Amino acid sequence: MKSKFIFITGGVVSSLGKGLTAASIGMLLKSRGYSVVNQKFDPYLNVDPGTMNPYQHGEVFVTEDGGETDLDLGHYERFTDVPLHKFNSTSAGKVYLAILDRERAGGYNGGTVQVVPHVTDEIQSRILGTAEQTGADFVISEIGGTVGDIEALPFIEAIRQIRYTVGKENCMFVHLGLLPYLKECGEIKTKPMQHSVKELLSFGIQPDILICRSEKRLSKSTREKLSLFSNIPQDAIIENLTAKSIYEVPLMLEEAGLGKVLCKLFNIENKEPNLEEWKKMVQTYYNPEKEITIALVGKYVELPDAYLSVAEALTAAGIYHKTSIKLLWIDSKKIETKEDAAAFLKDADGIIVPGGFGDRGINGMLLTAQFARENKIPYFGICLGMQISAIEYALNALHIEEANSSEFDKNAKNPVIDLMPDQKDVKIGGTLRLGLYRCMIAEGSLAEKAYKSHEIQERHRHRYEFNNLYREKFDNSDMIFSGLNPERNLVEIVELKSHPWFVAVQFHPEFASRPNKPHPLFRDFIKAAVDNKINR
């Protein structure tokens, strides 16, 4: 089957859930037996999100091949279970950089470089390139921002041209917009959506499907009005009500007829979707048998999206154990003393310290790791959380004076965590240890029990590592190195032998978790937290 292209645009306001819609479309098509691939186009001028402030952008989702990408790629992977790559995330900055590099190399033979055709052609080449590289039946592209944004115009023009490149029968435009409900008059207002469609039409794009975000169900008269003013058949006007869980969204869209309409408009067989496992997962989420409290102690907790994949991985593990997860978002800066740690963490059945960069809030994380270690509370450290656990143990158990990380103190007396040799004297952007790396797991360890394997591969995003010069000082202690990278002998996993469940990893297991297939470490962490609550 020749690749078909679906483009998702947004209007009226941002943050309506284009990413979830794109992920849901991918899932509905895959559930019918078609192969899919999702990709995201962001109009910002940063080359990638790698150096962007988490408070502005949320988490950086890392692909298996080391791409630092938009968090929406996490939604795509979790919904479709299709591993994505660097080329599935494109920013305007990446597009312009490629064009300027080509121009400097004489690639345009001295010609004038312009937005049309050069920028639009570069965007089209990336869209079509995804189809060529993956061979997917459907290439689903989300266009960031809202229709009418100045920075998004080259992308809108590029997808307009794509329709004529691949043929109307192989291209579809899905437009997502808000239908506000005014309590005062008890009405859904369609005017903002009408103007959004009108704006899209002014750029030469006629949407094929309208997805309407609303708090209330659409009446027959509302559908008729939208159909009249948008040139879209009523059966292609899909309501998208606010769901209690994001994992209910594809089921709601399927019930609203989206899958059927997609197949009808593409003139392909509307196969029976296989959604039973997903439905069962959602039902389990809504009907837990127990509840536990997990304390997430981090640097960016004011914006939960900064830890989106961690939160979703915890939820998935909770679903596996039929357990509701109550997350305590704790700012590590607020933990300044042992008494603070006890006060903030007293209700936690398990503690997780996720990744981060810089020295802000580090003391609070050290006190958190110490509290978990000394009070036998299940602890899961990720990336920075692993480095914190090693430093805390060196300071308080091994009594290594002034143990620290050279990230926090370049002149640290005892840098238990240090910059990797090949990371010194390099620029910040694009220089981290990124993507999949192998790890050999020690026999009899908690990690081996979780993975049921002696060799794994996990995604990394870091510049600092455990300093192997200090390995001997940890020998014969309670902290063991249960996971090592075989190529460079780097410490990837640490555990405490006498602790019920204390595991910290240098990699990011959250990126590999799926709602109906939780990551083994998250699964066992939640089990340990459940047991901890029972045995208290």
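For all residues, glycine too, the Cβ spot is worked out from N, Cα and C.
Residues Tyr55, Gly356, Leu384, Gly385, Met386, Gln387, Arg463 are recorded by Swiss-Prot as L-glutamine binders, and the candidate that the same record lists for that site, out of Glu77, Glu336, Glu407, Glu487, is Glu407. Per Swiss-Prot, the candidate among Lys225, Lys244, Lys260 that belongs to the UTP site alongside Ser14, Lys189, Thr190, Lys191, Pro192, Met193, Gln194 is Lys225. Geometry remark: Lys191 (CTP binding site) versus Leu16 (ATP binding site), CA distance 17 Å.
For the binding-site residues listed here (Asp72, Glu142), the lowest count of other CB atoms within 10 A around the CB belongs to Asp72. When the recorded positions Tyr55, Thr190, Glu510 are ranked by how far their Cα is from the Cα of Leu16 (ATP binding site), Thr190 comes first. Per Cα geometry, Glu510 is the residue among the recorded positions Lys225, Arg463, Glu510 nearest to Asp72 (ATP binding site). Listed in chain order, the residues near the ATP site other than Ser15, Leu16, Gly17, Lys18, Gly19, Leu20, Asp72 are Gly10, Thr21, Ala22, His75, Glu142, Leu176, each with its Cβ within 8 Å of the site Cβ centroid. Here the C-alpha separation of Arg463 (L-glutamine binding site) and Cys383 (active site, nucleophile) works out to 10 Å. Mapped onto three states, the DSSP output places Glu142 (Mg(2+) binding site) in strand.
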